[in-house]
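What follows is a single structure, written as structure tokens, with notes after it.
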Amino acid sequence: MGLLVDGVWRDQWYDTQSHGGRFERDAAKFRNWITPDGAPGPSGRGGFKAEPGRYHLYAAYFCPWAHRTLIFRELKGLAPLIDVSIVNWLMRENGITFAPADGVIGDPLFGARNLYEIYQAADPAYSGRVTVPTLWDKETKTIVSTESSEIIRMFNSAFDGVGAAAGDYYPPELRDEIDALNARIYPTVNNGVYRAGFATTQAAYEEAIGPLFETLDYLEALLAERRYLCGEQMTEADIRLLTTLLRFDIVYVGHFKCNVRRIADYPNLWAYVRDLYQTGTIANTFRPDHIKGHYYQSHLQINPTGIVSVGPSIDFSAPHDRARLGGSG
Ligand SMILES: N[C@@H](CCC(=O)N[C@@H](CS)C(=O)NCC(=O)O)C(=O)O
């Protein structure tokens, strides 16, 4: 676990001391966009035209942010267009690695052993965190983006003219609603579990736990009436929530102390997770062994023995009965 400083790897855990025990996530530094014609996107520079075979996605099964991109790659049928590497779940002194193991897909471009080598290839003087997902451009030999929320937007539409599957998960008429949901769910739920788990003071932990369960309670009520967060159509907001909910009972309840309630205690949220999990080929992207291995074995500050919990046993393929609320998933 560490970061690059002027292109040199340094093994170092997150600094919470200077923020009153709070975990504060660094903003992603590569923020370019793939667009249909290579014109610049909302941030960064242009020159990244959507073309089959041009881009490579470095992803992880363990990571909720990378998981979003893997799900979008499935939903949009992008596997034939965008190759993928899957990193090892263990994150220790060399950070994220390609150490061979079941489910790991190594780096075909550089034969890298560690993800930081990809960042050094993009910018030999890079300073900052080295994270998954990382989207690489083989043509200009640089990193396009390290921000999952933006990578899924690119995957949603940029490749539509070059062979992506149909489907718009950020349709114009729902954008305001999706943006509002994301604005609440990201800080309190997606990042909220990390703010609880990585807190190093009681106050910082409690500061995260309250809003986390308030939002889950709110979503539970919303999903009594609606099959998906925005109604009958599955959107980006659902996928962003799903990757956190899939990890909740298996790691966040125990490892991150998010144990006021389990997802299994919320009838609507729990059925909703099963519904989404059973949609299309989403289940192919879910590897609970990588997820549990990562959290319990990589965060030795929280779990110094590195022992991985055996339970709980959860059947995500059990019937969900959500089709009664409409929609087609
Ligand atoms: N803003 C990034 C966050 C990605 C992120 O933090 N990924 C974690 C794994 S779950 C990571 O790579 N951590 C390594 C580190 O922080 O050094 C995104 O959403 O794409």
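Using N, Cα and C of the backbone, Cβ positions are placed for all residues, glycine too.
Annotations in TrEMBL come from automatic prediction, not curation.
Record features (TrEMBL):
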type	residues	note
ACT_SITE	Cys63	active site, nucleophile
ACT_SITE	Tyr194	active site, proton donor/acceptor
BINDING	Arg129, Val130, Thr131, Val132, Glu147, Ser148	glutathione binding site
DOMAIN	171-295	domain 'GST C-terminal'
SITE	Tyr252	site 'Lowers pKa of active site Cys'
SITE	Tyr295	site 'Lowers pKa of active site Cys'
According to DSSP, does Tyr252 (site 'Lowers pKa of active site Cys') fall in a helix, a strand, or coil? helix
If you draw a 10 Å sphere on the Cβ of Tyr252 (site 'Lowers pKa of active site Cys'), how many other Cβ atoms land inside? 25
Express the distance between the Cα positions of Arg129 (glutathione binding site) and Cys63 (active site, nucleophile) as a whole number of Å. 15
Given the glutathione site Arg129, Val130, Thr131, Val132, Glu147, Ser148, its other Cβ neighbours within 8 Å of the Cβ centroid, in chain order, are Ala28, Trp65, Ala66, Pro133, Thr134, Thr146
Among Arg129, Val132, Ser148, Tyr252, which recorded positions lie by ligand 1, judged by Cβ under 6 Å to any atom? Arg129, Val132, Ser148
What count of other C-beta atoms do you get within 10 angstroms of the C-beta of the residue listed as 'active site, proton donor/acceptor', across all chains shown? 17
By DSSP, how many residues in the domain 'GST C-terminal' (171-295) are helix, how many strand, and how many coil? 92 helix, 2 strand, 31 coil
Over all shown protein chains, what is the count of other CB atoms within 10 A of the CB belonging to Thr131 (glutathione binding site)? 24
Taking Cα atoms as reference points, rank the recorded positions Thr131, Val132, Glu147, Ser148, Tyr194 by distance from Tyr252 (site 'Lowers pKa of active site Cys') and give the first. Tyr194
Separation of alpha carbons, Glu147 (glutathione binding site) and Tyr194 (active site, proton donor/acceptor) (Å): 17
Excluding its own, the Cβ atoms lying within 10 Å of the Cβ of Ser148 (glutathione binding site) add up to 26
